[in-house]
């Protein structure tokens with residue numbers, strides 16, 4: 001105590017020295033506000049809920065401008081143009097006052113009616129509203145959320161923030177490109193549109209400017225032209241249903257022709273092709289019963305052997321060059337000549353021997369001709385069945401129908 005009294009009685013304790021000591025002391029550090037990232041997420045979610053009506057209004061405007069429902073978009077465009085062109089200045093002021101007073105009146109009535117509701121009804125409205133529940137969950141989420149859930153909420157917010165900033169940066173970069181004339185075409189269009197709007201505002205009344213702007217927004221986008229093209233195609237289909245049927249049939253025929261070309265063998269055909277595939281195609285191309293019977297009587301489809309005399313090309317050239325013969329007549333002539341050759345080469349009697357086992361043909365042992373090589377065999381030696389498509393037939397039925405061949409031809413065709 002003595003020492004303290006002595007110190008106080010010294011020259012340092014003079015009243016004139018006290019302010020100097022106080023002024024020399026450093027100020028106490030103020031406590032800085034801590035940054036809480038989860039509070040930022042909470043505020044963002046609340047703001048998102050409060051701004052939802054504006055988001056819904058924007059979605060409705062985009063829905064109309066994209067012509068998702070063409071009738072509503074057309075009626076909206078026409079209605080706005082009529083309003084812009086018919087309302088005068090007084091009507092516009094009246095409409096503005098109405099747009100301000102109606103929401104105010106609705107909010108006031110809602111608040112007045114809410115005060116008269118019982119407590120149970122207020123609680124029911126509070127806890128059965130989806131958005132109120134979401135807001136309540138957001139407010140209480142910090143207390144009940146675990147650490148992983150909180151981290152997930154923060155990550156979701158950061159992802160949305162990054163996407164928003166990326167869009168904003170892209171918009172700013174696009175604006176700078178236009179202002180710095182990096183793309184002369186876009187910049188000239190932008191400045192030309194601005195000059196055109198200034199001229200329109202100077203030359204035309206405001207109502208006409210608004211009507212032109214509204215028509216440009218509705219009728220100048222790509223969705224409007226898409227809807228017009230769809231309706232035009234639908235109208236053409238209704239006006240010409242036969243054309244559509246013909247187009248479907250032609251597409252089906254083209255598809256069948258493409259499959260036939262894929263199934264056909266690449267081997268070149270001679271001037272007059274007597275292969276089994278060509279004979280079957282001729283039968284399918286000409287459904288005349290007379291020529292079908294002529295082919296079915298023989299039950300044979302043969303190839304030209306090496307020592308056989310080929311058909312002279314003059315007949316084929318004559319048939320092709322003669323303009324008075326139709327395609328059906330050409331096919332009839334080819335089938336008739338083929339049938340006659342088969343009848344001359346393979347008689348209908350059962351005399352002779354089997355080329356495989358040398359057995360004599362009789363009433364009990366019928367002769368059978370190989371559909372590939374054309375030689376005569378007994379029923380035992382010519383009992384192998386192969387599909388007609390393996391011999392070059394390109395018809396769709398050739399994949400299912402089978403013909404009888406000998407053992408050697410079966411080995412050759414099976415490879």
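Glycine residues also receive a Cβ, built from the backbone N, Cα and C atoms like all the rest.
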Of the ranges 89-109, 110-130, 131-151, which one does Swiss-Prot flag as transmembrane segment?
89-109
With the ranges 193-213, 214-234, 235-255 to choose from, which does Swiss-Prot describe as intramembrane segment?
193-213
Between 46-66, 67-87, 172-192, I'd like to know which one Swiss-Prot lists as transmembrane segment.
67-87
Within the same chain, and leaving aside 354, 357, 378, 381, name every residue whose CB is within 8 angstroms of the centroid of the CB atoms belonging to the recorded Zn(2+) 1 site, in sequence order.
355, 356, 358, 359, 377, 379, 380, 382
Could you please provide the mean pLDDT value for the region 'Necessary for interaction with VAPA' (290-296)?
42
Specify the count of other C-beta atoms within 10 Å of the C-beta of residue 354 (Zn(2+) 1 binding site).
21
Taking 10 A as the limit, how many CB atoms besides its own sit near the CB of residue 378 (Zn(2+) 1 binding site)?
21
